[in-house]
Amino acid sequence: MNKLITRRRALQGTAAAFAATAIAPKLVLGADPINVGSLTPNTGGGGPFGPNIAAAHRRVVEEVNAAGGVLGREVQLTQENSETNPETAVRAADKLINVNQVIGILGTWSSSVTLGIMPKCQEAGVIQMCTSSSADIPAKDEKGLVFNFQALSPVWGDAIADLALRRGFKTFSLMALNNDFTGSMIDAFAAKVKAKGAQVINEPFFYNGGQSSYRTEVEQLIAGDPEAVFIPAYVTDFTAVYKEIFRSGYEGQVISVSIATGDKFKEAVGEAANGLLHGVPVPPIGSKAYAMYLQEAGLEDTGEVQHPFGTAGRDQMSSLLLAVEKAGSTDTAKVAKAIWEVTTGPGKKEVFSVLEGLEAIRAGEEINYSGASSSVEFDNEGMVLGRDFQLTEVQDGKDVVVERLEFKG
Amino acid sequence: MGQVLINALVNAALIGPPAVAFSMLFGILRFPNFAIGGYITVGAFAVFAFNVTLGLPLVLATLLGMAVTGALVWLSDEIVFKPMREHSPITLLIVSIALTLILEQGVRLFWGADVRGFDLPLTRPMKFAGMRITVEQVWIIGLALAVASLTHAILRYTRIGKAMRATSDNFMLAQVRGINTGRVIAFTWLYCGALFGLTGTLGGLDLVIEPLLGWNLTIPIFAAAILGGIGSAYGAMLGALLVGIAEELTVLVLPSTYKVGVGFIIIALLLLLRPQGLFGEAQIKK
C-alpha cells in the first residue's frame, strides 16, 4: 500500500521531528527504529523474577533513547509475558518476530521457554538472551545467536559442592528431581566432591515429582548416615521431600538450591526449615555495576542480594545495544559477533553502564562491559563464563549468608 | 524390613479411605469417578482455609473441611451427574475428568499454585527396635482404621447401609422394593465426600498442599480400589495395603523413577488376570 504524503502531513512530520531533535539531538530524522523484544516470566513459576527483568530492560532502553538512541536511531521495545509457559511463549515470540520485527528476544527465564522459542528465533535469525541453566541451550543453538546470562547447571553443582566442602563435610549422599536442570547438577557436584577427597557414599539417583510418597527415596538417601545430603529440586517436590527427611529423624546437613527454598517453602515447613543450607548464583555484591543497578531500581544497598535476575535484565539490554552500536548495523550475525567484542576479553576499557559504553565506542575505544549480574564474559558458545555463588543458611526462618564464592575472570 | 512395612502402612492409610469411597461410589453409580483428585484438592484447601486463614485448630478445621467437601461432592452430583444418570459410564468418566480439571483450576484461581502447609509443626520420629514413626503417621494409620471400621459398621448394621448394599447389588430391584434410591445416592455422596475431605487433610500433612495434591494420589487410589475388587469397600482397604507394599518394594529393585508406574502395572495385570479384583464378584452380563 502506498502512503500518500500530503503537504500538511509533511509539515506535521517535520515539526514533530524538530520537536524530537530538541530533546534528543542525535536521533537521525526519518530513520527506522531498532526493534527489540522482551519476553519475561511476569506470572507463573518465574513470577517473582519476571517483573524485575522487564523493568530493567525498559530502564536501559529509556536511558539510551533519552541520550539519542543507538546508531542515531530510536530503540523501540515491545514487552510480552511468557507466563513461564512454553506454549504462551512461542505465541508471543511469533508475534515479536513477525509483527514487531525484533532483532532480539531478551529475558526468557526457564529453560523450557528458552528452548521452546529457539527454533523460531534461529529460523528468523533473531538473537536470544536468557537466564536459563539447561545444558541443551548451547547444544541447540546452531547459529551462535544465543547468549545466556545464567550459569549452566553443572556450574551450579560444582560451585555448591565447593561451598559445601568449605563447611567441612566429608561424606555426602545425592538425589535429584528427574529433570535436565537438576540432573546434570548432581553429576558435577559428585565430581567436585570426589576431586577434593571427600566421599559420595550412595549411588546418586533421580526421583519423579508428583509422587504419592517420598518415603523410600528418603530411606535410600540417608542410608549409611552421610554427613550431608544434596538435593537439587523445585519447590513443590522439595517441600514434600524435606518434610519426609525431617520426619525420618536424619540429623545431618540438608543442602539444596535457593530456587526451591523461598518464602513459600519456609511458610509450609515452619521451624523445621532452620539449619537448611541452599546455594544460588548471585550478583557480584560490592561491584560498581551492581551499585548502579540498585540506584536505577530505587533500592537501598542492604549488603544482601536483591533482584538476582533483574540485574541480568540490565546486562542483557546493555550488551545488546552496545553490540549494535559496535557492529554499526542491525544485521544479527554481525551484532552477535559484536556482543563478544563488547563484553569479553582482556586489555579493553572496562565500562559499567550502557551510556558509558556507547560514549567509549563512539570515541573509537575497545570496551569490555562489566555487568550488575556478573562480569559478563562469554565462552565461545555464548554462555556466561562465571558467576558469584553464595551459600545461605536458614536461621530463625530467615536466610543468612554463610559462604560466598567469587568468580575471578 | 520393619521400616519398609511401616512406610507401606502409612502409604496404605493415606490411600485406603479414598479408595473405599471411590469403590462405594462405583458400587452404586457404576462409573469410575475421576473427579476424586479434584475433591481431595478442594478438601485440602478447605481445611487449610479453616486452619491457617481462620486460625481454627486442625481437628476442628478438618471436621469443617470434611463437611464442606461432603457438601461440594453432593452438589457436584446434583448439578453435574444427576442430569446425566442415563448416559453411558464412558460419558460420565469423561465428564468426571472435566470436573476434576475445573475444581483444580478453581483452587488455582483463588490460591495460586504455591505450596502450603497446615499450622502444625513437623515432628521428629519416635524410635523403637531400629524403626521410626512420627505422631502424625500414627494418627494417619489410626484414622484409616477408624474409617474402615466405621464404613464396615454402617454397611453392616444400619438401615441406610443395608439400603446401600441393596442398591449396589441391584439398583432396579432395590427401587421396586421401595428403597428410596435418591436418598441412598445422596448419603453415599455426602459420606464419600467427607472421606475425600479427610484425605485432603492427611495428604496435606504427609505431602504438601498444592493444586495437584489430589491428582498425585489418584492412580494409587484407583489401583487399590481395582485390586481390592471395585465396589468392595473391604477389598479397597486391603488393596491399599498391597499397593503400599508394592510401591515400597519396587524401589529396592528398580530405580525410583519407575515407582509411579507401579499403580499402572497393578491395574494392567489385574485387568488381564482377575478383572473382578481380589474381593469383587464377577458380574453376569445379560
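For all residues, glycine too, the Cβ spot is worked out from N, Cα and C.
Per TrEMBL, the features are as follows:
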type     : residues  : note
TRANSMEM : B:6-27    : transmembrane segment
TRANSMEM : B:34-52   : transmembrane segment
TRANSMEM : B:58-76   : transmembrane segment
TRANSMEM : B:88-111  : transmembrane segment
TRANSMEM : B:131-155 : transmembrane segment
TRANSMEM : B:184-205 : transmembrane segment
TRANSMEM : B:217-242 : transmembrane segment
TRANSMEM : B:249-273 : transmembrane segment
(request) With pairs restricted to those 6 or more apart in sequence, evaluate whether the transmembrane segment (B:217-242) and the transmembrane segment (B:131-155) have 3+ C-beta pairs under 8 Å. (result) yes
(message) Under 8 angstroms, Cβ to Cβ: which one of B:88-111, B:131-155, B:184-205, B:249-273 has the largest number of such pairs with the transmembrane segment (B:58-76)?
(response) B:184-205
(message) Under 8 Å between C-beta atoms and at least six residues away from its ends: which parts of the chain pack against the transmembrane segment (B:88-111)?
(response) 29-39, 41-42, 45, 48, 76, 80-81, 211-212, 214-215
